[in-house]
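What Swiss-Prot says about this one:
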ACT_SITE  E80  active site
ACT_SITE  D108  active site
SITE      R195  site 'Important for efficient shutoff activity and nuclear localization'
SITE      K198  site 'Important for efficient shutoff activity and nuclear localization'
SITE      R199  site 'Important for efficient shutoff activity and nuclear localization'
SITE      K202  site 'Important for efficient shutoff activity'
SITE      K203  site 'Important for efficient shutoff activity'
SITE      K206  site 'Important for efficient shutoff activity'
Amino acid sequence: MEDFVRQCFNPMIIELAEKAMKEYGEDPKIETNKFAAICTHLEVCFMYSDFHFIDERGESIIVESGDPNALLKHRFEIIEGRDRTMAWTVVNSICNTTGVEKPKFLPDLYDYKENRFIEIGVTRREVHIYYLEKANKIKSEKTHIHIFSFTGEEMATKADYTLDEESRARVKTRLFTIRQEMASRGLWDSFVSPREAKRQLKKDLKSEEPCVGLPTKVSHRTSPALKTLEPMWMDSNRTAALRASFLKCPKK
């Protein structure tokens, strides 16, 4: 699973996931399912915010390419992926500036158009069950919840899906692709079932060629959202090095 994750996701997402796990004393090499889940969640958060801006009139627009000098503001503030201290600093700043209620738990995003925090969920189970778990934990009507599944289902607070259908379809397609790639390599069952995960871990430890059969191509396109995060946690030289550090399987 670890090798699959390192080839399936952008290196910067992988590093953010590793930092998040280490912050809680977790090892990506041991808790590989959690590693995969965190990388997936990070990517969904970044895809959620990609290309969405607010123009000078305060209208929400989608811009995939255009005039870099245009007066545009990112519609979403990304909170997920930052260390806890920085994340709470961002949340406090937003609350002080906008007057919105401070959440009890760190949310994933802030929507400047709707003036609300957003909690993003990615589940391997039924969306409505995971939605209720999130809602019971957060216990706040102020934080908007949006849940995606690997089967293309989604659920959001008051059926308000925030994004346009095409943007959500990109997220769903990516999740479905991840599921199919895992399934084709016999990793999906262990990703869903903790018992199967333990069995798979023992099998992986005995394997002499953990890379065999894994994809060697990864998208080199850096998410616009990731670009906005880069200055806060790495310099340009380190970023360039990470982009070039895609894991390659050893040749026989």
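Note that the numbers count up from 1, one per residue, in the order the chain is shown.
Yeah, the Cβs are placed from backbone N, Cα and C, and that goes for glycine too.
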Next on the checklist: What does the structure give for the C-alpha distance between E80 (active site) and D108 (active site)? Integer Å is fine.
Outcome noted: 5
Item to check | Listed in sequence order, residues with CB under 8 A of D108 (active site) and six or more positions away | outcome: H41, C45, I78, I79, E80, I118, E119, I120
